[in-house]
Amino acid sequence: MRLLWGLIWASSFFTLSLQKPRLLLFSPSVVHLGVPLSVGVQLQDVPRGQVVKGSVFLRNPSRNNVPCSPKVDFTLSSERDFALLSLQVPLKDAKSCGLHQLLRGPEVQLVAHSPWLKDSLSRTTNIQGINLLFSSRRGHLFLQTDQPIYNPGQRVRYRVFALDQKMRPSTDTITVMVENSHGLRVRKKEVYMPSSIFQDDFVIPDISEPGTWKISARFSDGLESNSSTQFEVKKYVLPNFEVKITPGKPYILTVPGHLDEMQLDIQARYIYGKPVQGVAYVRFGLLDEDGKKTFFRGLESQTKLVNGQSHISLSKAEFQDALEKLNMGITDLQGLRLYVAAAIIESPGGEMEEAELTSWYFVSSPFSLDLSKTKRHLVPGAPFLLQALVREMSGSPASGIPVKVSATVSSPGSVPEVQDIQQNTDGSGQVSIPIIIPQTISELQLSVSAGSPHPAIARLTVAAPPSGGPGFLSIERPDSRPPRVGDTLNLNLRAVGSGATFSHYYYMILSRGQIVFMNREPKRTLTSVSVFVDHHLAPSFYFVAFYYHGDHPVANSLRVDVQAGACEGKLELSVDGAKQYRNGESVKLHLETDSLALVALGALDTALYAAGSKSHKPLNMGKVFEAMNSYDLGCGPGGGDSALQVFQAAGLAFSDGDQWTLSRKRLSCPKEKTTRKKRNVNFQKAINEKLGQYASPTAKRCCQDGVTRLPMMRSCEQRAARVQQPDCREPFLSCCQFAESLRKKSRDKGQAGLQRALEILQEEDLIDEDDIPVRSFFPENWLWRVETVDRFQILTLWLPDSLTTWEIHGLSLSKTKGLCVATPVQLRVFREFHLHLRLPMSVRRFEQLELRPVLYNYLDKNLTVSVHVSPVEGLCLAGGGGLAQQVLVPAGSARPVAFSVVPTAATAVSLKVVARGSFEFPVGDAVSKVLQIEKEGAIHREELVYELNPLDHRGRTLEIPGNSDPNMIPDGDFNSYVRVTASDPLDTLGSEGALSPGGVASLLRLPRGCGEQTMIYLAPTLAASRYLDKTEQWSTLPPETKDHAVDLIQKGYMRIQQFRKADGSYAAWLSRGSSTWLTAFVLKVLSLAQEQVGGSPEKLQETSNWLLSQQQADGSFQDLSPVIHRSMQGGLVGNDETVALTAFVTIALHHGLAVFQDEGAEPLKQRVEASISKASSFLGEKASAGLLGAHAAAITAYALTLTKAPADLRGVAHNNLMAMAQETGDNLYWGSVTGSQSNAVSPTPAPRNPSDPMPQAPALWIETTAYALLHLLLHEGKAEMADQAAAWLTRQGSFQGGFRSTQDTVIALDALSAYWIASHTTEERGLNVTLSSTGRNGFKSHALQLNNRQIRGLEEELQFSLGSKINVKVGGNSKGTLKVLRTYNVLDMKNTTCQDLQIEVTVKGHVEYTMEANEDYEDYEYDELPAKDDPDAPLQPVTPLQLFEGRRNRRRREAPKVVEEQESRVHYTVCIWRNGKVGLSGMAIADVTLLSGFHALRADLEKLTSLSDRYVSHFETEGPHVLLYFDSVPTSRECVGFEAVQEVPVGLVQPASATLYDYYNPERRCSVFYGAPSKSRLLATLCSAEVCQCAEGKCPRQRRALERGLQDEDGYRMKFACYYPRVEYGFQVKVLREDSRAAFRLFETKITQVLHFTKDVKAAANQMRNFLVRASCRLRLEPGKEYLIMGLDGATYDLEGHPQYLLDSNSWIEEMPSERLCRSTRQRAACAQLNDFLQEYGTQGCQV
């Protein structure tokens, strides 16, 4: 052996003497665009005195003659034999050398150029190079949002911070993009960042589905410099308290015989930190690797919270029993998790919050063992360092844990040697164990175990490097602990095994992808190197050392992690010393930095963390260091079997002319291949077995849908008949029937009670109400601002009114110190005594509302407080308001207190509840919230449009009649609103029309939930922008209008992307098949919007490509999932629909050609052009046949003209269209034609008088005429026929903008904008209009002077009494438009609207099957409550447990109060059907206004839309409205159901309205009223005597026949009639019948004698008159009896045109005595007095 080593030493010495000079070239293996590249050059083995000069630069490997960077010179010598250079990589040079055009991969070549290479080394060239990976990634971008979670429709505010590679502010241009939860880009913005901080915001579309959205940013010239942040979108309400589940141990051991009792603690605390009083409902289950839950039956528990906490124990026996029911044992649980769900119901207010624990693992050891920091390479003859990290299952480091190592060393020809070592972990859970390694080693096998008696075990095998090499380099680290910034790290270098005689070690330090330091150290017996660790080396670095032995480099490396806890600079946030604050107080926020910096602040309610997912965390320094470390090019802990491997693993590229590292292929490190064994646990439970019978995911989902219950009664056969896919129907039906057989028929319901303080006492020694601040401002976040701070600044902040914990975040950006994220500061805002108040969304006049504020007392003493509701006009309150209730609130508890309130005015009132303590205990709180009060009945709208033409003498005077709808509620005080304009283009497309704050969408009064409807946000705005651009009229509108237009277009683009599918197509709903028609519509509009939305042309090219796949052989297009059924469009059914669709797609494809700008898309563009030509031939053929209806003829003519089809085809289409034109006056339009099968409209209106209102046409006529106008403009320009068609279209616009529905509005505005561009003139014209009317308040007159270029005073909105006629006089030389809008509430609707459609809504009290309907199929498996005869059944079965899992998706706090839960829930049934002879456009919408105080259960609505047997296409909830979308209305009655919960008690609930209408023809509708269940407490009286008396103050008082005492007052009837209130009518009537009308009772009577009249000139004996009284009044007139009624004239009329009378406090109602009664001696005088009054008043009236 000695001889062998001697020979090796001799040969090495001989080799050393032959070492040749060489140039070494080092660089990071990746070049980042625009970032300086560190390059190391070194001379090796050159003769003494040698000087070498040269330069380094980058070049394109394929284009050697053009450099990609400037050249950097170097000079090396034998004394100064190395240099570290910096090479700039400018963007302009990278482009000029063609790097961006490389096809084979993004590589760039680093080149060293020196004549010495050729002259002294006899090389063939003076170039030495190495290939590097080229990346456009550079710098750092950090993003921040103002909240982690948002509701759909909420505004997102965000910031982007830009830094360069050295973490200093960057001012480059960035591109920001927003992606929705489907991964589709919905927003793109390019911005310049002069301050390095960019702030912006956007609104999430209200139709967005729940999911995770992403905002990403990149430097605009660096496509790979992408950074992003995520946030959650879902419907939520901020929780009032948070629930946490904490297991006793973070793991559950599954070792046989060692299963312990499972302990867990449940904690519930209000967001402001105080404990919750209430009850906890807990259930358990299993979670598998895929997250699927299986619930344990029988382990449910109910416990009371004590001081906000509850302790739960699950015994070994209970758990094993539950496992046995699943046919499982303890050993089957390895790798699974125990799932725990807890629902807490707060006692005082009945609010519910939930939490779940999903990280409680079943494990074989309580520890985990991590060997990732141990090298995978060893140095023979040098110690091998084993580095292990031991963690507890919670993830925290495990200190003091024994780690045992068994190291087996294998050497050739000898017996393996085993070393056993034991060492305890340090405070950070780590151990570093050196293992002695002999020089002859071939393999090292390590077996490591941590902990006892159930250790975590890991194994590692390390092979020795190949023998026969040039020796080895060992890097030894005396102190293995991670250094901190500012420490000095000592490393020892040793050459092992070669006997090499070199003079120096060379070493480099690499951090964040750059060589930051290069040096050499003379060789000694033990060479020590000291490394000072500064901020540039954080959070980790590689130390790489090497030497040369002969012609071979010998190298090793070591990765060093740095404890980089703080940022380079400094940012500290602090507040004044108080631990607790009160709302409305000022707080001084201290900002401290160590340099001039911009500090970005934000404060958010920590309740948001409880509302959302825990995964969306705010930006912190950990994320910053993670981003910095992402530039680290090294992979692994260091080392390698060869020098080239060492360099590559450290992220270095190397070349010495003879050998070099291979070019890197990707930025990231290769991932270790890990395999996970899928567990196949057989639960053998009924439902799981059933699911297991189906292999395909589709069949499984259908089966799962089948076992899920609906919130309404349906047999499985009925449900299966609705499933559209045949292959889904069988598993759905089978699983539905199977689940039905498993369900139990009854469940127990538990109730709990609350106490109320009802005693009303007078105010005594109370503190002044003015001293109590009113709380009314409750934001979710605030303080979103950026401050400039020079080392120190104090901000004075005023705290909002929320009682919560605020978290203030700060982030600083300094030119000298870079980015720093401060530790957040928490501010707890709290009042020891406070109240909490909930209000319903809205109530109606004279309904009775029970307010139930909850008083919280966290003081250590009992409090007696006085609580009252402040007086406010429009509300009836006890004592007129201000009368207080005195309530005792014990220390540390809460008490609810009830107030009855009756609203009497239809308005929004600010309702303030005040609680006051005494001077002895001066506590108090006041909360103000707005209560929305609406009128009775349902809103009805009607519009009139008049053309103003002073040039036609017949139209210079108009008379607009007043409205006298017999259904109008009697005391609504309604008005007619008049709007006059002299500029139709600016009126329709300006800042009050298409560019109004909500766009046309907000003006249509239609829902916008489906894919087609949402385009109303985008298309009209584009038409308006196009008109204003072309006519240069932006300046006539408010300055911000154009910015607003761009914002509207961006919002529309974001909305429509919610409906895009991966193949580029669009669907009305994502769950439906793609629609050809909708996809074409989107393509057309987005092609026109490309510039504004910054959308991807490639995405629209995909859309065009999908449309081509829908074209048939004859050139037509098919639509397998139509959005609208257009069979009603006129002409031949079916044929017309195909023709219209083909024309529509052809138009879209033509507009879509604009996105084919790049050369690569040319083949697809040619295919599109060929498709258009083929479709045009089809259309021409159909037009030539002459059988098309008006709509198909119009769109065909336009398509052929737009695409420049052959002239003969265009001519035929034009002639066909003009043959169908219809005239009315000077207007031209296209509607129904003779022989049309359309049932949509009435016959053509006859020519009219100019002073008559313009007949309002249906949506289809408007759309047809718009297409005709578009055709005429292309065919003949602005000519007479185009003028006439445009004039007709203009007069069809609604009062507030838009037309009837979405499609007609989009096409009409498109056509009118094109016409107005063509007809624009700068000539000024004037219009003079005088309006006059005599109304309730006398004569009223307005004179208007308008011109056609005005914007100020462009639209004058005037109000006139609804029943009064309006006289109009017109003058001037300009045409204009006058529109009248009448809005009023009606008593009844069905008689006038329900011709073709029918809707019926019924509400019932809670029924048994609806309870079960809220459960998943999992509940049926394992969670059925024990039956009554079960001996183990709990004494009080728990209702919330039955609701638990089924409501996981409902909005928070949807749980009703525990008190009287059954009574506060109702079941809605909505039934729709239609007349079988009537055709519909397809989509219909049921708009159900819920009864006051109710909201629908979202989980129920989701079941109607999300299962395979879909009943409703989509649903929306807006305030008290539930909108249900139906694809069609059946001819037979079809019903759907859902539950609703009343959060706030309301009594005397009035009927609410429901409307069913055809979306695309809204005039076709049915509106009805429905009421609360009969004998329901919803109809009971809630008010106290005094409040009831106030509410009835406006009610009439019935005078009983010959009331006692009144006869003593002479002439009391005459005084009422003639003095106060002085009546306007007096009748003696006989009551015939009573009828209910909305919130009123109607009495139909026959006049028997007329005593007096004012307005009712036709009143006579035997005529009929109607009298109305509010349903909330107690007055009842008995049919068959006669009454004397006197009062004031009414404002409404019956169907015959006769006045109707409202009976109120100004009415006299007296029952007429019978003849028998008058004959009695006692009443004779009184009867005579009554007859004398009737005689005198009837003949002489009032003598005053």
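Using the three backbone atoms N, Cα and C, a Cβ is placed for every residue, glycine included.
When you go through TYR150, TYR1420, TYR1612, TYR1701 in Swiss-Prot, the residue listed as sulfotyrosine is TYR1420. According to Swiss-Prot, the listed position annotated as sulfotyrosine out of TYR1229, TYR1417, TYR1511 is TYR1417. Of the candidates TYR946, TYR977, TYR1027, TYR1422, Swiss-Prot records sulfotyrosine for TYR1422; the remaining residues carry no such annotation there, which does not rule it out for them. Here CYS1673 is paired by Swiss-Prot through a disulfide bond, and of CYS1588, CYS1590, CYS1595, CYS1742 its partner is CYS1595.
Bond annotation: of CYS716, CYS728, CYS735, only CYS735 is listed by Swiss-Prot as forming a disulfide with CYS703. Mapped onto DSSP classes, the domain 'Anaphylatoxin-like' (702-736) shows 23 helix, 0 strand, 12 coil. Each of the disulfide-bonded residues CYS736, CYS1535 was scored by the number of other CB atoms within 10 Å of its CB, and the largest score is that of CYS736. Rounded to a whole number, the C-alpha distance linking CYS1535 (disulfide bond) with CYS716 (disulfide bond) is 15 angstrom.
Of the listed disulfide-bonded residues CYS97, CYS1673, CYS1742, the Cβ environment within 10 Å is emptiest of other Cβ atoms at CYS1742. Ranking the disulfide-bonded residues CYS635, CYS702, CYS1618, CYS1727 by the number of CB atoms within 10 A of their own CB puts CYS702 at the top. Taking every protein chain shown into account, ASN226, ASN862, SER918, ASN1328 are the recorded positions, and of these the Cβ with the most other Cβ atoms within 10 Å belongs to ASN1328. Each of the disulfide-bonded residues CYS703, CYS728 was scored by other CB atoms within 10 A of its CB, and the lowest score goes to CYS728. Proximity note: of the listed recorded positions (CYS68, ASN226, CYS635, CYS728, CYS735, SER918), CYS735 have a CA within 10 Å of the CA of CYS716 (disulfide bond), given in sequence order. Comparing the Cα of CYS68 (disulfide bond) with the Cα of every entry in ASN226, CYS1595, CYS1673, CYS1718, CYS1727, these being the recorded positions, the smallest distance points to ASN226. Secondary structure of the domain 'NTR' (1595-1742) per DSSP, as helix, strand and coil residue counts: 32 helix, 52 strand, 64 coil. For CYS1595 (disulfide bond), other Cβ atoms within 10 Å of its Cβ number 19. For CYS669 (disulfide bond), the same-chain residues 6+ apart in sequence whose C-beta sits under 8 angstroms from its C-beta are CYS635, GLY636. Cβ contacts within 10 Å of CYS735 (disulfide bond), excluding its own Cβ and spanning all protein chains shown: 26. Each of the disulfide-bonded residues CYS68, CYS716 was scored by the number of other CB atoms within 10 Å of its CB, and the largest score is that of CYS68.
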